[in-house]
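See below for the structure under consideration.
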Amino acid sequence: MDEKQVWLVLGIEPTKNEEEIKQAYRSKLVNVNPEDDPEGFKRLREAYEQACSLAAQEPAEQEKGPEGPLGEWLDKVKAVYETLSTRIDPESWKELFRDDICMDLETGPEVRTELLKYCMDHFRLPSRIWMLMDEQFSLMGDMEELKESFPLDFLQFVENKCTQEEWFSYEYFEGPDDAEYDAYLSLFFEIRRDVEEGKFSSLDELFSQAESLGIYHPYLEVSRAEAKIKQEHPQEAVELLTPLEEKYPQDWWIAYVTGQAYWELERFGEANDCYKKVLETEKDHYTARFRCAEYLEKTGQYEEAKDSFIAIMNDISDNQDVRARLKEVNEHLIPRFFEECGAEPDNFAVRFKLGWCLLQNERNEEGVELLAGVTPDAENEAEYHSLIGRFYYNLSEFDEARQHFEAWIKSIRSETPQNEEEEQALPGRFLKAYSLLAASDQKLGDSDPKYYDEALTAIDQALAYIEDNGALQQKADILLHMERYRESVDICDQILENDSRYLPALVTRQDAYFHLRCAQEVIDDFYKIKEVFPYIPKTYELPAEVFYIYRQYDDVQSILDQAKENETSSLKLDVIRGKTMRMKAAEDAEYVEARNYDRELVPKLRAESGMKEELNQILREIVLCSMALGEYKDALSQVEEAIQLEPSVDNLWLKADVLYRDKDYEKALLLYQQCQKHVSDNENIYEDLGNCYRDLGKDEKAKECFEKVLEINPEHRRANSRLADYYSDMYDVTEEEEYFAQALPYSSRQLELTPTAYYYVERGLLYMSAGHWDEAEADFRKAFELEPEDSYAYNNLGCVYKYCWRYEEALEMFLKALECMTPGESTVFYGNLADCYERMGRYEEAKEAYLNNIKLFPNKPGLRENLSDMYSSQGHFREAMQVIEEILGMENSNKAYYLCEMAYLYEYAGDYKTAIQYCKKALKEDDSYGKANRMIGQYLYYYKKNLRKAEKYYTTALSQSKMGSNEYSISCRALMQLYSNKKDYKNAKKYFDLEKSATVQEYGSIEHYLATKKRRNARLYILGQMYYYLGDMDKAAKLFGQIGCRDMCRSCSCRECWEYYMAQGILLEEAGEKKKALEFYRKAYDIDCRDMELRFRIAGCENS
């Protein structure tokens, strides 16, 4: 609303008195009910708010325009504009443009800029004046340059004014030369909009405001009459318009609205006269032409009506209203022509008239019957083949059709034009004949591609006669079907150079761009098409698919929303919406919503022919939603339905994915192998096979698959990491340097391909595993440089420091990791912090960390066990027992295992009898639980000295333990100890050999077993202990001697090495130095008091 209208609406003079504005608003508001007149209320409110805003503004210094000659010239422009007679007078403007300042090459561009700036606010000028400006200042020629300085909507207005005739007759104005004509015109066009949109509630007020300006123009009355017609008062409209018709007899718009009023009154003859008058001036006016044709139909002039409707259709090819009326006319003519044809069977003129009527009314079978068996003479041969060919084409009998179209072309060639008119018609006839021949060949090409070449040849023949947009479009479509997309685009460009809004070319070009993967061009054409005709579903489908491919799901949603706004829909758009809903889902509820939407689509897709691929996509989407929800049974059921519809490799592969996610690795593997036979060159199938083998524990097979991935695609973004994991795991097990050496290049290559924090952490872990502390530290630091909130980077750097005894620095990192951690992310953060505190002897803080971990993960028994373990290592057995009691109350705890843990605690506390009872409870839970039998044996051995019974329990435990397991090893050594105590070294050797054999089987050799850095001290102690039980003190001493006091095992939480002190104590005790041995034993006891042998050795030394 401009400023002048603000005060007109309020009915007051411009003022800065807010009270006066409020009073005016209140007085107007009394007569405006928001429910009855929402538009009027909205307008009044807008005027009030704008007036208040204007009143509140401080008087601004008037913006200074150009000075000097340009400023003076602009003053002349303003004077011309502000006076109506000069504003609409071309000579007044020509005189302005003849000024030297406009003609000068240097000042001309600046003059144009300032003139256009002025016209942005003062644009109510007749088109002829804008055309003069264009002629003088090259507005149209320099439009691209002007876009850099002026808004596009303003330049679009300028372009329309410079290229279109003015419909508003400025010369009809009556009023003072200096009246408020801009305000009047603003009101007039607002009235026009409201009338067109059927908003009548505020019209009286708007008419009143316009009339209050003291200006008259007949079009205001015409608008009032239009409103009467739309409000079903056509007689009142006629009364308003009759005087205007007499005063302005040549005005087409007055005649047009008068015709509308007469038509509504069913005074069709008078309406027809009005419409004829419109066509005298506006010969292409659609409604006037349509009404004149309707009048002919109403008055029984069917052949003339038919000609009129066909003429309209020739100009507006796909107008359904015209086509429907033409069919109505034909239904009147067909019986008459049938009768005439029966009377004169050899009269081709009548037969053809009937034939064209049947063709236009889609009665194709009757058309073929009409012409079948008829042999035309030379004069009628061309029209005969033209007509019957079209009938066959419409019946999809394209081979028959093309034969007749070829005969039609031959007939045209054989004709001799009798006059200039026939000569001039030849190119158009050839164009049509070749176009229809091309169309037939194109349809045949859909089943036999060789016909596409024939179609292309035919359309090129057509274009040789006339370079018609329709024929060019047909060529573009043929090229599109031939998958010659770039050539199709070139033809579309050629069409659009002549007509930038030619819809078929825009649609075809968008399709071609999609197949050329020209994403931005698809989007650009979408907006161009939407501007012309926003109701074609495919033009939304293609950009939505582009955005989906590029994972720009918000942009996909925007396209879908625009389609909805324009009430344009399709099942394909629904499918894209379903897919996008899943991709945007983050919560379970959103996956459920997406799945429900997809399920509603399934019956619709089944009912629609040609939607098999889309149905398959939606079935797959349902599967993927169910997988995201962890509902694998539902996913499996749905994927079976997809396979039944389309037993493709992709669907079998998806089923394998479902099975894999459901941890049914064996079945998943079989399906992956089945898929691999069909896609043996696909890297992803080998990745999935590798993952499956890995989870089945078939690491060597997994490795081969990941190597195959890299063979196919050396740039694969995950396979290097998988191979690095394989060799890293091998290194963790064997600590053989060759595995580290093989893992490192893969890990580094992964970083080259994907230099992310995640993969720096992965390589850092590899370095840490091998004890390359500096390199590990560098990688972890790089990781949190890239991702300052990467909790794992801080945590792992803390581990590096912890293993290097840099505990204060480790604490800093662990605490930083906790700051970055997402609650519930992992148990490692508080776990490592607690472990670090333990190593530092800060047990209360370690306890707090363990409790925090338990709070975050209350259902993990192992976390409580860690706390119990710390309590018991410090001799706080009752506290440890309470924790184990909690664990035993948990549903997911291993009862036999934790009953034995409780037995340990009672034994540590000196109550071995209760300990035995707990072991027996464990055996009730699991009668094959070897650990419980072995523990009873130990209690009998140490406390009861009952070697016979102890031996029985030990051998039972051994038989129940898997070879190579930790329990197997402990049971072997328990038996060795027992036989050593009996001096039965033969039997001791038997179990020595069993344990050694198991070790060699797992590690390859004793040397490899001892080569490990992470557990070296513990293994030196175990092997030394075995030789000690054999009585081979030399070998035992050699092994014990290699245990370093500070060479801690990686997983140990102790501050010093327990095995070192225990081993030295044994050596000293065997050497008879029991007092010194006692010192070492007590040191070991301070580190960890729980070992039974240690406690009995201390007691033995003290007693002696």
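The first residue you see is number 1, and the count goes up from there.
Each residue, glycine too, has its Cβ placed from N, Cα and C.
If you check TrEMBL, you get these features:
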- 5-85: domain 'J' (DOMAIN)
- 616-649: repeat 'TPR' (REPEAT)
- 683-716: repeat 'TPR' (REPEAT)
- 757-790: repeat 'TPR' (REPEAT)
- 791-824: repeat 'TPR' (REPEAT)
- 827-860: repeat 'TPR' (REPEAT)
- 896-929: repeat 'TPR' (REPEAT)
- 1058-1091: repeat 'TPR' (REPEAT)
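Taking Cβ pairs closer than 8 Å, the repeat 'TPR' (1058-1091) reaches residues 872-873, 875, 904, 908, 1017-1018, 1020-1021, 1024, 1028, 1033, 1036-1037, 1040, 1043-1045, 1052, 1097-1098, 1101-1102, 1104 in its own chain, all 6 or more past its ends. Counting residues 6+ beyond its ends, the repeat 'TPR' (827-860) has Cβ neighbours under 8 Å at 791, 795, 798-799, 802, 807, 810-811, 814-815, 817-818, 821, 866-867, 870, 874, 890, 892, 1053-1055 in the same chain.
Within the same chain, residues 653, 656-657, 660, 663, 665-666, 668-669, 672-673, 675-676, 722-723, 726, 729-730, 753 sit at least 6 positions outside the repeat 'TPR' (683-716) and bring their C-beta atoms closer than 8 Å to a C-beta of that stretch. The residues of the repeat 'TPR' (757-790), classed with DSSP into helix (H, G, I), strand (E, B) and coil, number 27 helix, 0 strand, 7 coil. On the 0 to 100 pLDDT scale, the repeat 'TPR' (757-790) averages 94 in this prediction.
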